[in-house]
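Visitor: Annotation source TrEMBL lists transmembrane segment at 26-50, 70-86, 136-154, 166-185, 197-220, 241-264, 276-294, 306-324.
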Amino acid sequence: SQYSAVDTNPLSVYIMQPIWNKIIKIVPLWIAPNLLTFSGFVMILFNYFLISFYDWDYTASGTGPGLVPTWVWLFSAFTTFCAYALDSIDGKHARRTQSSTPLGELFDHGLDSWATSIFVLSFFSVCSRDNGKTGVSVYTMYIYLSIVLFNFMCSHWEKYNTGVLFLPWGYDISQVVLIAAYLLTGTVGVEVWQKPLLFGYYITDVLVILLIGFSLFLSFPQTLYNIHRAHLKKTLKNDSLYEGLLPLVSPLLLFILLTVWVVLSPSNILAKQPRLFLWMVGVAFSNVICKVIICQMSSTQPELFHWFLFPLALVVYAAVSGLLGRMEEAVLGVFTTLVTAAHVHYGVCVGRQLSEHLNIYIFSLKKRVQE
């Protein structure tokens, strides 16, 4: 299917696009677009692990200003900008080198589905977790992450039904806010997040309110409206309501299972291991959504239950029923490792299959020799 995306965000159209159009001119023509996509993702990952090294349990900013060196925040602003730029120019570069392929589209959106959670998890280090005075509770973090992932899911569910990806306004805004937040933290210090901004509200409160407002009153209604419009124009990809709603089943079940674990965990697993747990949420979500993206691209029907829901249900049952006892944290660690390995393996396999099928290399513009 021909890739089509619509971007109506004024910030993107009038400010960012002209910047990307300048940057793209310096990219050598021999560089493969997927290499740009992947480099951006690697930068986000590297930045995430760097912040994790200084702030494993999200307390550094709240307990002692200066525990995370200033250069880390400035480096975060730099890597976030680079990743944002690379993610914005990869498609332009593909058209410029006439190398747009379904593999590139999948590569881009697949990595985005994972990067989305990593951006959020890195940002939590800036505002730190609740220490009684300032910060955000781990439950707020979980809800915040879920809303961001819900937004991401909506735009791809919409594309599954309409065939058009309406780029969410929240994306550009969130990237600019992230870069600004890191720059602010680097220049002023983490204290800026611990003083009330207006009327006793902290910056973090304002951002959470903005995020929820954007999601519930802008993104989601826009998604429903676009699907409704396609329905009126008779351009919907799926005839039945069942088929149209099918991609939502696994992500919703995933969210329900994870929430059950968070709420009923005997050892309060989210408070004990917020970084591990939230990372696992992001990876699991990415894997579920990648299946939807592939189904949407290949015009196939997703299965009702994603395979991952079965092992997760077992682990959640064992944890919540008390079967795991003191092993809960250890089991989360092993489970997170396995899920991450399975997701990477899945990505590598799909990439290799597609590159063989389309007879192209993933990271090179050279053509494969026909065997």
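Note that Cβ sites are derived from N, Cα and C of the backbone, with glycine treated the same way.
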Visitor: Is the transmembrane segment (241-264) in contact with the transmembrane segment (306-324), using at least 3 Cβ pairs under 8 Å (sequence separation of 6 or more) as the test?
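Guide: Contact criterion met.
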Visitor: May I ask whether the transmembrane segment (26-50) has at least three C-beta pairs under 8 Å with the transmembrane segment (241-264), counting pairs 6 or more apart in sequence?
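Guide: Contact absent: fewer than 3 Cβ pairs fall under 8 Å.
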Visitor: Would you mind listing the long-range same-chain contacts of the transmembrane segment (166-185), meaning Cβ under 8 Å and 6+ residues beyond its ends?
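Guide: Residues 5-9, 11-12, 16, 61, 73-74, 76-77, 80-81, 84, 119, 123, 126, 148, 151-152, 154-155, 158-159, 192-193, 207, 211, 214-215, 218-219, 222-223, 226.
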